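This report concerns only the one structure given below.
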């Protein structure tokens, strides 16, 4: 590594290490600096990092793929996520952050590139969180059909039920949580958020089974319906959605830093991935069962008075509100990583962010304002998932970990490790390229169709 690059990487490592060290540090030679957090707490934080907004588009992905391929894809991406994290932990060698790990392998340019990708992915993901919260509370529209939010169903259309006002109120509620300076301080809200995700899964599955019993729902397709697809390549557009749903790699180091042993982190990751894959498969299946080919990109929007399930509206509202609150509790954990990466990118070599209250608060305020504007300007979560999943998420979760192994600066990679890393990269590049091309072709086709209709008029 060049001298300048090594100096920058060292400064970034020092800043991140000071931020991430637990309050009761033990032996500095311990693999994780002797943190005091529990494995259960790590499972909660990892699971919370995984089960986020991505779950809302899993039923729509099943609508595109069919149940069997979608479940297989969920399991496959979960396995690849576990392999990628194992690679990251093996090559960490004292690196306190993902950026420092990339800096160790590729110098300051690699660290900066990781910071950029994590920041862009974080902006996309957190914008989706706010969009979903707005959909649930204020409402949305799809294909010319209005889907009122909870407040609009209860009180009608008022100025204070508008999307803009609702998102300002959500930001105010989030403020005490996003100003927390330690990851482990969010473990209790993480545990509650996982519980709420399970509550949502149980309510939605109960509604789906009730609808099936009453005859208002039919068993979902097990395989794709090619007559509904513009081309077979459209199947690949579901891949980025699943990849986004398992992108949590930027939180590996902050959570690991507060554990006593690296092996504890491996256990936490594996338990979390099994739990989250099961939740994804269940929510996807029952959501697709309930709404069929009318399943929207944000399945929560389907849980309104037009759901047709024949159950009390209170259950539909409980399903929506439980997951909206889940996202409120997940939001601070992902903002934590976004803030650290943006700070490393904009203020390299400065004193730790947690030690500079003015910088910490100012950066938090700016990030929240940008996310608010994006959530108002971008109405569709599927669009964000398609493009961010095909670029930023797949690079963070598969390509960068594979590249670190192929670089092998410590000379510890086995032949099978390099073969697996190369396979991960090839799969990521091929599937993402096809998905991006299919999205672009679909957009052009839609524009041409719209222009043709306008011309005929």
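Heads up, the Cβ atoms here are built off N, Cα and C, so glycines get one too.
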- Task: From the ranges 43-63, 127-147, grab the one TrEMBL calls transmembrane segment.
- Result: 127-147
- Message: Quick check on the annotations: TrEMBL lists transmembrane segment for one of 267-291, 292-316. Which range is it?
- Response: 267-291
- Ranges 12-32, 159-179: which does TrEMBL label transmembrane segment? 159-179
- Counting only residues 6+ away from its ends, which parts of the chain sit with a Cβ under 8 Å from the transmembrane segment (267-291)? 39, 42-43, 46-47, 50-51, 54-55, 58-59, 61-63, 67, 70-71, 74-75, 78, 81-82, 85, 197-198, 200-201, 204-205, 207-209, 211-212, 217-220, 245-246, 252, 255, 259, 299, 302, 307, 309
